[in-house]
Amino acid sequence: MSPLWWGFLLSCLGCKILPGAQGQFPRVCMTVDSLVNKECCPRLGAESANVCGSQQGRGQCTEVRADTRPWSGPYILRNQDDRELWPRKFFHRTCKCTGNFAGYNCGDCKFGWTGPNCERKKPPVIRQNIHSLSPQEREQFLGALDLAKKRVHPDYVITTQHWLGLLGPNGTQPQFANCSVYDFFVWLHYYSVRDTLLGPGRPYRAIDFSHQGPAFVTWHRYHLLCLERDLQRLIGNESFALPYWNFATGRNECDVCTDQLFGAARPDDPTLISRNSRFSSWETVCDSLDDYNHLVTLCNGTYEGLLRRNQMGRNSMKLPTLKDIRDCLSLQKFDNPPFFQNSTFSFRNALEGFDKADGTLDSQVMSLHNLVHSFLNGTNALPHSAANDPIFVVLHSFTDAIFDEWMKRFNPPADAWPQELAPIGHNRMYNMVPFFPPVTNEELFLTSDQLGYSYAIDLPVSVEETPGWPTTLLVVMGTLVALVGLFVLLAFLQYRRLRKGYTPLMETHLSSKRYTEEA
């Protein structure tokens with residue numbers, strides 16, 4: 001019997017299985033009453049009547065709005081997946097916060113705001129290159145990740161069964177699990193890409209709510225924002241910011257795979273992390289997708305083995321280059337039909353890595369984001385497991401920095417994002433799965449400064465904006481040649497004019513036209 005099967009019978013170190021509900025929801029809403037009534041509108045504070053902070057004007061309990069516009073792409077089923085019309089399979093009513101208030105009970109502020117009434121603009125946190133961090137900043141970041149792997153999430157839980165098993169076998173035991181802060185981060189990513197469960201051994205794989213479409217950029221942006229806020233609260237530092245890894249080195253080595261950062265390779269088994277790294281003991285969750293499909297169940301947070309990277313045999317593979325970043329940032333269209341992995345001249349598809357960096361489609365080539373995941377290999381190679389590796393955090397922080405730079409350069413209107421006929425989950429107004437309370441793609445289609453953070457980074461400008469030396473030299477040489485040609489032409493015309501003045505009278509053709517007459 002595989003370790004996973006045993007795991008369904010035992011509690012795990014990071015996630016303790018409890019009676020609960022399915023989906024990623026606040027622990028306080030995981031009661032039979034809340035699930036039967038399909039309402040998650042918790043009170044704020046001790047006063048039972050203060051639902052959603054209504055007594056302070058922070059919010060109200062309202063009907064969930066879900067996008068019903070048509071989608072395209074390979075997912076052709078209807079009413080078969082609990083993520084359709086998210087989150088209405090679970091809750092019809094949730095807190096709708098007003099102004100700058102946010103959170104499942106409107107007890108938080110929107111990203112970028114602070115104060116008792118969320119009335120003050122918060123100074124943006126600055127995401128820096130991980131190689132530029134001071135030793136103290138580096139230790140704070142790595143230590144926060146390690147603490148997040150061990151500390152149970154204070155507010156949210158994960159599901160252990162699909163939607164038809166929501167209340168357990170007897171209808172009175174909602175199925176959910178407590179989980180560590182970091183494993184919760186991993187589970188969110190897994191849940192967004194998992195297969196549709198149709199029956200034992202009958203997965204429907206043509207579905208992905210966070211990749212292969214426009215939502216790739218907004219989904220991962222919100223994913224990072226949630227982790228960043230969780231880590232800020234975990235270590236008690238509101239100015240803490242996630243760093244980024246500038247992977248555009250063009251090299252065939254991972255410069256963050258060191259014991260000072262995310263761990264070097266173990267000498268006796270290069271697929272494992274060096275014992276000198278704190279991450280050598282990290283175990284993965286949500287890695288056994290085929291087993292979940294066979295059992296018709298969900299990842300329950302059970303640990304399934306050590307974190308792995310495997311660059312062996314990939315010495316010929318190189319990371320993206322600065323030219324790739326420049327080419328990608330020169331693409332002016334955010335996305336193009338069919339808004340999928342075969343879209344061409346799409347900034348989103350080039351950044352995600354299904355197009356070449358210049359926007360042309362080549363099914364044999366990976367670029368940018370996809371290339372880096374493939375380069376790292378191991379746990380990082382598959383979407384459902386990739387977030388287990390903490391490199392995922394800094395990889396996606398840099399990907400978001402590229403997206404943010406594009407947003408600043410082109411300032412796209414909201415309708416640059418398709419309102420309909422993107423793959424399921426990728427329409428502009430779709431609630432991103434499985435975030436709760438609901439948040440649409442459109443709400444994250446902003447520049448980072450509007451969300452309370454920014455990047456300390458200088459990304460390469462396009463060739464059109466700043467010509468390189470070869471281009472500049474060609475322009476100068478061309479101008480000189482043109483000037484010389486013009487000088488020769490003028491000299492020749494002057495020579496002909498002078499010659500004409502000495503033509504003998506016998507060859508002169510007289511004209512009766514006066515100078516004052518029109519030609």
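Just so it is clear, glycine is given a Cβ too, placed from its N, Cα and C backbone atoms.
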Considering the Zn(2+) B binding residues H369, H373 given in Swiss-Prot, which of H396, H426 is annotated for that site as well? H396
Of N178, H220, N300, which is closest to H369 (Zn(2+) B binding site) if I measure between C-alpha atoms? They're all recorded positions. H220
H220 (Zn(2+) A binding site) as reference: those recorded positions from N178, N237, N342, N377, H396 with C-alpha within 10 Å of it: H396
Counting across all protein chains shown, how many other Cβ atoms sit within 10 Å of the Cβ of H211 (Zn(2+) A binding site)? 22
Among the glycosylation sites N178, N342, N377, point out the residue whose Cβ has the most other Cβ atoms within 10 Å, with all shown protein chains included in the count. N178
How big is the gap, in Å, between the Cα of N178 (N-linked glycosylation site) and that of H373 (Zn(2+) B binding site), rounded to a whole number? 29
